[in-house]
Amino acid sequence: MATEEFIIRIPPYHYIHVLDQNSNVSRVEVGPKTYIRQDNERVLFAPMRMVTVPPRHYCTVANPVSRDAQGLVLFDVTGQVRLRHADLEIRLAQDPFPLYPGEVLEKDITPLQVVLPNTALHLKALLDFEDKDGDKVVAGDEWLFEGPGTYIPRKEVEVVEIIQATIIRQNQALRLRAHKECWDRDGKERVTGEEWLVTTVGAYLPAVFEEVLDLVDAVILTEKTALHLRARRNFRDFRGVSRRTGEEWLVTVQDTEAHVPDVHEEVLGVVPITTLGPHNYCVILDPVGPDGKNQLGQKRVVKGEKSFFLQPGEQLEQGIQDVYVLSEQQGLLLRALQPLEEGEDEEKVSHQAGDHWLIRGPLEYVPSTSSTQPLGCWGWGPRVSPWAEGWPVGPALGRGYPPSLLRPLKLLETTTWCLYCT
């Protein structure tokens, strides 16, 4: 606020602006002094305290004065101070200074920003300039100022954001994506949109062009579980095996105890182990062959005692089934589904598709994959020959069998009886 007093006492570290109304030029008068105002002069405001920037602080001045190489203020021919209009100047800790006419304190005294460990400032250049090492920085360049340290602001640089490091624990991985072409912290070149995992345990500070997508937890595998995976694209997995897009496979505890799914792997689920007892068997449809591919239309019989994982594409025909256990007085009626041979050497017997025959206990019988089909199990009483010309006829037995098989029994004595076992 302007003052009309003629004698103005300016305390130490204070200043005033005086306007010469004849030349319309303003100047600065600093204390300590007693200033006597002339008739053609006007004091624009009462004595004001100089700007004092304490250590580890800064302020921003708009329209700063121009200075020569020695730091002296430059004036034009009229005595008016020269200003760098529309410019900014960052002023750090220094002796108290006045604001010249036209200068504006755009940002008040502010503490310098301390960047802690595992923290960084994302910086972006607004103007072209040369850094303290003499390297040229082009407008639009981005980089990180990593802690610990104190960031000294520049007028050509803006702080985009504060980046915190992500802690990667055991059995975890950090999923990253590249914003643009860059080099990661391991010195590997990345292209725009590429994704990858960082598995190193500890604090990871993403680079300026790296985006943190997720923190991925490992899947813990046991002897009874396996991880079912599918490839999103062609790549090489952690075992060095080349995978093609859409390929499916299992990861078991023999491969790794904890598996972190790669960015190119899709988790389809956890597969439980299939366990067969000593009197169990199962039929696997479309089994995986030696080449690692499913043999479509084929079957494979697996007999216990055994534990295994069903590979991708495999399934059980009728679940886990019991082995046929025949006693001395039991037999099993079989039908050939395709030509086959049974026995060894001289005892080898050939059967054609559709043939029916009976095998006699005691034994454990497991059907062949696609050769035989059990039709029923019979028991004989003590007065009936198990190798008679036919098989017993009854409501349960006769249902579904061809008439040629349903011939009467040869009676050894006067009484005949039979049992049908399912």
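Placed from the backbone N, Cα and C atoms, the Cβ positions cover glycine too.
According to TrEMBL, the features are:
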- 50-109: domain 'Major vault protein repeat' (DOMAIN)
- 113-154: domain 'Major vault protein repeat' (DOMAIN)
- 166-206: domain 'Major vault protein repeat' (DOMAIN)
- 220-262: domain 'Major vault protein repeat' (DOMAIN)
- 273-320: domain 'Major vault protein repeat' (DOMAIN)
- 324-367: domain 'Major vault protein repeat' (DOMAIN)
- 56-116: repeat 'MVP' (REPEAT)
- 117-169: repeat 'MVP' (REPEAT)
- 170-222: repeat 'MVP' (REPEAT)
- 223-277: repeat 'MVP' (REPEAT)
- 279-327: repeat 'MVP' (REPEAT)
Remark   = Counted with DSSP (H/G/I as helix, E/B as strand, rest coil), the repeat 'MVP' (117-169) has 0 helix, 30 strand, 23 coil
Request  = For the domain 'Major vault protein repeat' (113-154), could you work out the same-chain residues 6 or more beyond its ends whose Cβ comes under 8 Å from its Cβ atoms?
outcome  = 56, 58, 90, 92, 160-165, 203, 205, 207-209
Key: the domain 'Major vault protein repeat' (50-109), counted residue by residue under DSSP: helix, strand, coil   = 0 helix, 34 strand, 26 coil
